[in-house]
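Heads up, the thing below is written out as structure tokens.
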Amino acid sequence: MCKWKIQFLDFCLEKKVLKFGKFQLKSGKCSPYYFNSGLFNTGNDLQKLGYFYAKTIIESNLDYKAIFGVAYKGIPIVISTAIALRKYFNINIPYCFNRKELKKHGEKGNFIGQKLTGKIILLDDVMTSGFSINDTINFIHSHANTKISGIIIALDRTRNINNKKNIQKNIEKKYNLKIFSIISILDIINYFKKKKHLHIYLKYII
């Protein structure tokens, strides 16, 4: 695992974003760990978070004209990433995010920010079953003439490498896009194995 990914994992542990116990996920399944990106809740946190997403976008070599945040947690992610791309990589890119509810007055519509055209990258916090990603992609395609070239998430929390390949390959093939994560559950396992004081948490994720 490269240095900046380790820095991100340290950042997650410092902010207690990665928790262990018993948690019910949106899919209805129970998980022994939970990634709560809502705990990145200060200006300093968002500056750091934006850098890690921006770095992942740069490393991905994806072709894009705008970045899109999936409401609600994707909203601060996409804004901080747009700022980080400009600050750290001198890339001035427009952003957009969706509303959960259709607005019928003022600017109206389903989206806020740049009008969705051309190739975009989707930003979200986690991926488990892929159901949320499927819903978001279908929603965007039903409301905008655009092409999603890739998806960037903070954590791929798929339980094992076989599942990861299946879920990602299915989505990538279905929508002709690429999925990248800042870290995966396998990165966390390998990192914890190297840190004695973190061995206690391995029982939750292996």
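Note that Cβ sites are derived from N, Cα and C of the backbone, with glycine treated the same way.
Record features, source Swiss-Prot:
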- Lys26, 72-73, 99-100, Lys103, His105, 124-132: 5-phospho-alpha-D-ribose 1-diphosphate binding site (BINDING)
- Thr128, Arg157: orotate binding site (BINDING)
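When secondary structure is read from DSSP and collapsed to three states, Phe131 (5-phospho-alpha-D-ribose 1-diphosphate binding site) falls in the helix class.
Between the C-alpha atoms of Lys26 (5-phospho-alpha-D-ribose 1-diphosphate binding site) and Thr128 (orotate binding site), the distance comes to 9 Å. Lys100 (5-phospho-alpha-D-ribose 1-diphosphate binding site) sits 24 Å from Arg157 (orotate binding site), counting Cα to Cα.
In the three-state DSSP assignment, the secondary structure recorded for Lys73 (5-phospho-alpha-D-ribose 1-diphosphate binding site) is coil. Checking the binding-site residues (Lys73, Met127, Ser129, Phe131) against Arg157 (orotate binding site) with a 10 Å Cα-Cα cut-off leaves Met127, Ser129.
If you take the Cα of Thr128 (orotate binding site) and the Cα of Lys73 (5-phospho-alpha-D-ribose 1-diphosphate binding site), they are about 15 angstrom apart, rounded to a whole number. When the binding-site residues Thr128, Ser129 are compared by the number of other C-beta atoms lying within 10 angstroms of their own C-beta, Ser129 comes out lowest. Sequence-distant neighbours of Asp125 (5-phospho-alpha-D-ribose 1-diphosphate binding site): residues of the same chain at least 6 apart with a C-beta under 8 Å from its C-beta are Phe35, Ser37, Lys73, Gly74, Ile77, Ile153, Ala154, Leu155.
With the fewest other Cβ atoms inside 10 Å of its Cβ, the least crowded of the binding-site residues Lys26, Arg157 in this structure is Lys26.
In the three-state DSSP assignment, the secondary structure recorded for Lys100 (5-phospho-alpha-D-ribose 1-diphosphate binding site) is strand.
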